[in-house]
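The signal peptide feature in TrEMBL is assigned to 1-25. Look at TrEMBL and you will find 47-341 tagged as domain 'Glycosyl hydrolase family 59 catalytic'. Among the features that TrEMBL reports, active site, proton donor/acceptor is placed at 190. Annotation comment: TrEMBL describes 266 as active site, nucleophile. Per TrEMBL, domain 'Glycosyl hydrolase family 59 central' is recorded for 349-463. The annotation domain 'Glycosyl hydrolase family 59 C-terminal lectin' is assigned in TrEMBL to 500-674.
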């Protein structure tokens, strides 16, 4: 029997000496607990994979704007097998034009008679994932819906046939335009489900030849969906997976009684430092050990949104600087690899308790063909707190664990060893390092486990820790930034670095303007969507550096809505995401009725100055906003319109553009200069 200690050998002779049984531990297992891994009595639940979410919302917004080779490197770290995170599942938001945490994602059907399957970036991301791993599973889930779905009501279930048509169109469009097969479809993220709608969805999927698409319900809590499944046999027949969010590694009796697959269909959502990695390591194991969950899906895939938006850096890695090319492969990527590189959906868990006597947990999985993977974690309480739910106190101590392999595993002679140790007092974390193989002696081996460690022991020899050349150093957003939107065939529907927070701003070809404004940026959501959070009553897209204090914003604007239409440019914008309604800043508004206002809030209620401008709809005008220290001034078409407005708060923030309401409006020749 061999005892494996966390140690990297510094030479072949030393390594051989250790492995042959110096004082490092061949012989009796010593004090510790014993755990039996046996497949003779049958296997546990089928493993469905580890994944991550793009969306919910706009969390991959900045990723698409990275230049090569950096964008491909980031995608490799996420999706390429035996490279980095090697994810099994990609879950994406079905954009619905509404705010869904850190921004809005465009719908494939803004209006009832409108279909466009090239908006946004989720199509592109799914194709990039499939390009790297053809076996990756794809999931679609709506957070918001376009207004027409509810026919004026903030509710998607009054006309279930309409909502079903909308969702089926997205699935069919994925196949027709991108050759993407969607594997799973959800109902409505963290909101009420409707049994009639789910049954109609299944019926219509089948009618359209989409029998392979499975249904997940209800992406909220274990209840009431589990109880309803138990009393409604027809609903139970059509739901394939019970998906719960942030379950705290626990399930409920009714969920188990459904005999359905149980997933943590959204989890993690934690700042991606070492504590975030500890959270991720703990729940990846304990969601199964404590809760019988066979898939765990992280929100979010990659933190590619402005960090000062809500839940900044809550991705498995960070890529929030397309202008510099800088990104960071965070610790959760390598924690993911401990499971994903040595398992596949379709493997099975072994029937073991999984709790370590000294605290921590382990899981064991097999492909049924002789391969075995064991993942062990010893995360301590304070080093593995997730953002939610609250974590009850527990203790983890250094310990020796002895594993006895039985059944088809008894004849195994060696196991490959991969190890991580998270360091919280220094920057000396050891992440996903390959140690020397452990020899299995007569079906057993021992490990000396310290706290805050992850081990993978496996028969597979395919694991790799790959690394690309160092990306460029971080740089702030350019202090002098221009965009004239003059692009005939844009690769994406949205202009680089603009992050829509209410409404959707898209490239537009202005066929009626033969002059300087043929190619513009247009706000296209003209009715308030079926919301997931409290979207603003105005539309807004932010851009730039949150730390900007003194700046000049200039933009050509075109109001399309007569009488009560209006647009703004803004600086020192201090909020977005789920908090967009409370956004403050310096907002320079002009309206179709010939008036202007300067306000300190997006809602337009805190008026600092107002007057006549002479602006009308269906005409181009140039707005300029200067903010310097505690004073602001504004120009219209190059001439002063107002000046010496005193600014108290906020002291810094992004630049922004937007509209008075959900209305068509155009923007061109955007320029921001920060000093």
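For all residues, glycine too, the Cβ spot is worked out from N, Cα and C.
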Secondary structure content of the domain 'Glycosyl hydrolase family 59 central' (349-463), with strand meaning DSSP E or B:
6 helix, 52 strand, 57 coil
What average pLDDT is reported by the model for the domain 'Glycosyl hydrolase family 59 C-terminal lectin' (500-674)?
97
If you count the other Cβ atoms within 10 Å of each Cβ, which of the active-site residues 190, 266 comes out on top?
266
Between residue 190 (active site, proton donor/acceptor) and residue 266 (active site, nucleophile), the C-alpha gap once rounded to whole angstrom:
10
